[in-house]
């Protein structure tokens, strides 16, 4: 799932590098736990490329859109389960054991997928991997944040997010590396077992989170770990701060908090509107359709080759990783709200560009040549039975039936042949050095669509990729932060599941162009939502955010401060 980078400015990263040189033990803790983020990102990216080859091997997957969506989205359903039970496992058994259990599930799931002999077995493996991903998404950042020095905590937790986007980028490199290897997609999905095994070994050599140990009454163990993390001059003050924090947490957790009480509290209710709303819009402007299906989208734009689709998708993943880094600079310079609005305006423009590009591709698709089709012995049955075959285009051929494909002419924009889609036909078409299409059609607008896709990522990643997570980390009153954060995480996973489960079905039902237009309309609504409901939290101390939410009213001049209380400079 596409996420964001927790708040950390450039100075925090400089201090982090300095600390790592003086005390490498801290970086070892953060990196070892951060491999969970790498696995999270890898699984998000790898399925997009593997799906191309899974379709080639299992013909029922190629012909049934719902099976393709199931292969992608069952991992997300598993992640919802993993995230739901992950919090309880982390509290009951510890963060370290939670990470190790997530790795074991990921390892088992990867092995099942690599050996799968049918789509059903593959889906079972995806569920195992999804549960592992959901658990890791809860445990890894928590472990890093509780085992990191306060002044560099943001930077070290950001390492987990960098590893998520790094894992996505790595998955595309791995996909490309195995495109010509026997078993292609089995290697792509199975290779993730290696980092999971490495993390198990590393975590077994590391201690438990000092905060968890302290809460469980194992104070001496917690103090011993804090002495390794902090310099001698800071140890006692950190031990006292940890004691006070845990005592307050225990006191707050003993209070009964109901959903009705939350919604009756104006500050919490307004915080939930803003925080959960941002996360819902983050998903429904279509980001994870790009991350899960980018090679398929590239093929829909008219690039038939699996390898070409993966190579172009690698560039998209690289831009996403770059955008996550850029956001660290802009999040505090520009402010959360302005950055979100700039991001959404760019997303609207990019989605409009994609809509126009795909619509033009559909309208100007190459025609089907009756003479060219008759040269083959396996004409598409729907084309044979058509009353108006002279009006058929490549797009008509592909939409007529999943069992039909289009063999382009030497000049791809000239009329081609509408044939039965199978391996024999694909090889016959390729023997004449002609391209074989089963997804999109040849188009002179293909590169325009790719530019639109690249712009979409460039605008989305630094803004809407990051801002919703930063706002959610700041906007909830301290005593309700745990329950509100859990509600927000559940919102993300469910929204992600809905979007990823419906994307391919929408492209078949209404067309790729109108699907992107729907995302564009959602992005326009999101702009108004941000203007009206989302406050600017830049420079507002966390303890004063609650006062700001209680006092705020709707205000359309988003560049003006809504809150005049004390600011931290």
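Just so it is clear, glycine is given a Cβ too, placed from its N, Cα and C backbone atoms.
As annotated by TrEMBL, domain 'Major facilitator superfamily (MFS) profile' applies to 29-538.
What TrEMBL lists as transmembrane segment is 29-54 (among others).
Tertiary proximity for the transmembrane segment (66-86) is limited to same-chain residues at least six positions away from its ends with a CB under 8 Å from its CB atoms, namely 1, 43, 47, 51, 54-55, 58, 60, 98, 102, 105, 119, 122-123, 126-139, 292-293, 489-490, 493-494, 496-497, 500-505. Annotation source TrEMBL lists transmembrane segment at 66-86 (among others).
Proximity of distant same-chain residues to the transmembrane segment (98-116), defined by a Cβ-Cβ separation under 8 Å and at least 6 residues beyond the stretch ends, is recorded for 33, 36, 39, 43, 82, 86, 89-90, 122, 124-133, 135-136, 138-140, 143, 186-187, 189-193, 196-197, 199-200, 203-204. If you look up TrEMBL, you'll see 98-116 (among others) marked as transmembrane segment.
The transmembrane segment feature in TrEMBL is assigned to 122-144 (among others). Outside the transmembrane segment (122-144), and at least 6 residues removed from its termini, the chain residues within Cβ reach (under 8 Å) are 1, 6, 29-30, 33-37, 39-40, 43, 47, 54, 70-71, 74-87, 89-90, 95-96, 98-99, 101-106, 108-114, 116, 156-157, 159-160, 189, 192, 196, 209, 489, 493.
What TrEMBL lists as transmembrane segment is 156-178 (among others).
Same-chain residues lying 6 or more positions outside the transmembrane segment (184-206) and placing a CB less than 8 Å from one of its CB atoms are 28-29, 32-33, 35-36, 38-39, 42-43, 46-47, 49-54, 57, 96, 99-100, 103-104, 106-107, 110-111, 113-116, 125, 129, 132, 171, 174-175, 178. Positions annotated as transmembrane segment by TrEMBL: 184-206 (among others).
The transmembrane segment annotation in TrEMBL covers 271-294 (among others).
For 309-332 (among others), the entry in TrEMBL reads transmembrane segment.
According to TrEMBL, the transmembrane segment annotation covers 339-358 (among others).
If you look up TrEMBL, you'll see 445-471 (among others) marked as transmembrane segment. Using a Cβ-Cβ cut-off under 8 Å and counting only residues 6 or more beyond its ends in the same chain, the transmembrane segment (445-471) has close neighbours at 2-7, 274-275, 278-279, 281-282, 285, 287, 290, 294, 297-298, 301-303, 312, 315-316, 319-320, 322-324, 326-327, 330-331, 336-337, 339-340, 342-347, 349-351, 353-354, 356-358, 360-361, 364, 526, 534, 537.
Residues or ranges marked as transmembrane segment by TrEMBL: 478-499 (among others).
The annotation transmembrane segment is assigned in TrEMBL to 511-534 (among others).
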Q. Near the transmembrane segment (29-54), which same-chain residues lie under 8 Å Cβ to Cβ, leaving out any that are not at least 6 residues past its ends?
A. 1-2, 61, 68, 71-72, 75, 95, 99, 102-103, 106, 119, 122, 126, 129-130, 132-133, 136-137, 139-141, 143-144, 147-148, 156, 159-172, 174-176, 179, 184-185, 188-189, 192, 195-196, 198-199, 202-203, 206, 229, 288, 291-296, 299, 306, 309-310, 313, 317
Q | Residues of the parent chain within Cβ reach of the transmembrane segment (271-294), under 8 Å, 6 or more residues beyond its termini | A | 1-2, 44-45, 47-48, 51, 72, 168, 262-263, 313, 316-317, 320, 340, 344, 347, 351, 453, 456-457, 460, 464-465, 467-468, 471-472, 475-477, 484, 487-488, 491-492, 495-496, 498-500, 503-504, 516, 519, 522-523, 525-526, 529-530, 533-535, 545, 549
